[in-house]
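Found this in TrEMBL, in case it helps:
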{"type": "DOMAIN", "residues": "4-142", "note": "domain 'Glycosyltransferase family 28 N-terminal'"}
{"type": "BINDING", "residues": "Thr11, Gly12, Gly13, Asn123, Arg164, Ser190, Gln280", "note": "UDP-N-acetyl-alpha-D-glucosamine binding site"}
{"type": "DOMAIN", "residues": "183-326", "note": "domain 'Glycosyl transferase family 28 C-terminal'"}
Amino acid sequence: MKTVFISGGGTGGHYYPALAVAQALKEKGYKVVYIGTDKGIEAKKGFPYADEVILFEMEAVRGRGLLGKVKGVYSLLKTTFKVKKVIEKENPIFSVCFGGYTSFPLGVGSFLTKTPLYIHEQNSIPSYTNRLLSLFAKKIFITFEYTKKFFNPTKTFLTGMPLRKAIVEEAKKYIYTPKDKKTVLVVGGSQGAKKLSQITVNLAKTLPEIEFILIKGKWEVDIPSLNNLTVYDYYENMEKLYKQADIVVSRSGSGTVNEILAFGKYAIFVPYPYAASNHQFYNVKWLYDLGLCEIVEEKDLTEEILKEKINQSLNKNLLKLHQEIKKYSILNSVDKIVESF
């Protein structure tokens, strides 16, 4: 059985596309070895499609003070040499990295052992890790056309975002049907969005004719009992909620953006303002320029502005927009990537 190594974790933005590709590789008969961190999402959820999961103690570098940065660099270098030993033992035919600091040890370890390396960049503006790994990657897969300018064009390929199989299967057969009572799905992202969640609760009180579904994440929000408001901390099978919604209000992490595209939903995006290089804004700016979404920056977000944007959006021709938005979804991203190895 041929062995492949995969890394991509820490947060859901790197973890879920890695999981989608791992599932396809597993189904093709590969032995999948996953490299991650004992502090990330993978430590809580595991990595179901891996034959072997190896979690190392490693720390991030970005967003920390000088001492924290030094400790982070040291932990990544130390882990790199541990991963190198595992690569030499297992002898994988290639490695795949999905960005974030947890990909650094596998990427550099693959370079040191001359193991073919492939990387996938989820966001519009690439992470520092992927910019470094791109120098010795065999191929670079990108989610957005905008990203191509950051990499060597001769080995960069637009594949889109690898999505969960359940999302893809439901999105392929989904056709939007307008209904009398409108539903607004509000998604705070994996980290949640306290301000957005509180505004949503307030709007549900003042707009009883609209159904609100709120994914609030980790934040504690005072939630009254309202007939038109359903609240979840987290929802695993998001395809069900996308199908219920007429429009979506959301952060603009790449995974969520591409799920919204897959279901052809008109969205009001509120980019996370502290994302590296403001990548959440650029993840959707191209869509805004096409007239296929709204963007409200966090600093401008108020109850009045969101109420106005929701009412304006619900009065648009959502069926026509649905058909147009779906054209920009790449539902065969996993196949494009796996066939390129």
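Here the Cβ of each residue, glycine as well, is placed from N, Cα and C on the backbone.
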Which Cβ among the binding-site residues (Thr11, Asn123, Gln280) has the fewest C-beta neighbours inside 10 Å?
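Across Thr11, Asn123, Gln280, these binding-site residues, the one with fewest Cβ atoms within 10 Å is Thr11.
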Please report the number of other Cβ atoms within 10 Å of the Cβ of Arg164 (UDP-N-acetyl-alpha-D-glucosamine binding site).
20
Given the binding-site residues Gly12, Gly13, which one has the fewest other C-beta atoms within 10 angstroms of its C-beta?
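Checked Gly12, Gly13; of these binding-site residues, fewest Cβ neighbours within 10 Å: Gly12.
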Tell me, by DSSP, whether Gly13 (UDP-N-acetyl-alpha-D-glucosamine binding site) is helix, strand or coil?
helix
